[in-house]
């Protein structure tokens, strides 16, 4: 037995283990790099727009965003079929058990039976056929999510094209800005779906006891630890973009509310203009000063409202950013064996300070607690805005949009609690619970993308009413409305 290859002969090709290619799939750092590049392209496009040399719609950032999604999707599917399904007989229990046992007989020696029993208790899907098939549906949900998000984004891009036509009946910079923000929100289900499916793939790696032969994963325990760390890192990247999308949604909501209130103020000015003209005949300065003071008061009020509303959201963003930065840094430094006293992961030497179980558990509980509180603060602030200004936000269709946001925010830190308190998940091992959680999120992302079709229709009135004519005054300058409503290029 000691001379037996840990994998069946058909799994070895030209001296390279096929499952070693599992790391080809988009790791969290690849997603971070891709998103950073796309956002850089967007900023370049904004600079060119200001210089009067705008890019064609076909080469703007959303095109490259979905090109990247397509490449990551292809890599994910290739990894699924080549590195998991083909070698395991579609996660067939008998084939998986035989493969795992032969691997352990080579690596574990006299402890093989003991480790094999631990694997059966932790990762075997022999007695969990529903979980096996449910997880195997994840690629289908991911492909469907890509198709829906692509179609929905193209619809908004088409509206942007209409707004930018020279024959457009209104100056539409604000409308384009609103559609641009919406497009970045619509990308969230695809990004979180990709990261969720990456989590499924990582847990499949635990089930079949394989990862990459290019590093010091000498046995099942060490491979499981690495795959679990990768699983957590994937969701941290998803949470990071989720917080970014929530920030955009908050800015978008405040901008729409600001424009609506400005519109009402302008209408009031129009209603009192006959009286104001009589006053102006006697004291022109007093009339102008009164309107100026009213404008300043409204502007101060909206600035304070924006600051209070965004405070909880920014706290949520900061928590997600620090968590992702910490986890990815620790994993990367450990993988490349940088400064062993702190980051070593090789079990043949003393574990690094930040790689010990005590340090990892402490960091996990700290960030989870902080994120739990921050997510409630973010949701609470948005709920108060929805309740307090529901009449002013009626055209914004706030109910559907806010419910979508609530579900998305709950993904990060709230939904995992259900697996801890609801049977039968409370009796499942960590690996099985992770497979179910990641597979369920793949389905949720698909459902949210469908929900977005109704909640974020590209032809809602508030888009075209967000241009310079929104206030009802034909000669209202766009520059003023734009500077008041946008304030930034978020």
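Backbone N, Cα and C atoms are what each Cβ position is placed from, and that goes for glycine too.
It should be emphasised that the depicted structure is a prediction, and the values quoted were computed from it without experimental measurement.
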Among 29-49, 92-112, indicate the range for which TrEMBL gives the feature transmembrane segment. 29-49
Looking at 161-182, 183-204, 205-226, which one does TrEMBL call transmembrane segment? 183-204
Below 8 Å between Cβ atoms, which of the listed ranges 130-151, 183-204, 240-259, 315-336 makes the most pairs with the transmembrane segment (403-423)? 240-259
Using Cβ distances below 8 Å and needing 3 or more such pairs, separated by at least 6 in sequence, tell me whether the transmembrane segment (240-259) contacts the transmembrane segment (366-383). yes
Determine which recorded stretch among 61-81, 130-151, 315-336, 366-383 has the most C-beta pairs below 8 angstroms with the transmembrane segment (435-453). 130-151
Six or more residues beyond either end and a Cβ under 8 Å away: which residues meet both conditions relative to the transmembrane segment (130-151)? 66, 69-70, 73, 76-77, 80, 85, 90-91, 93, 186-187, 189-190, 193-194, 196-197, 200, 203-204, 432, 435-436, 438-439, 442-443, 445-446, 449-450, 452-453
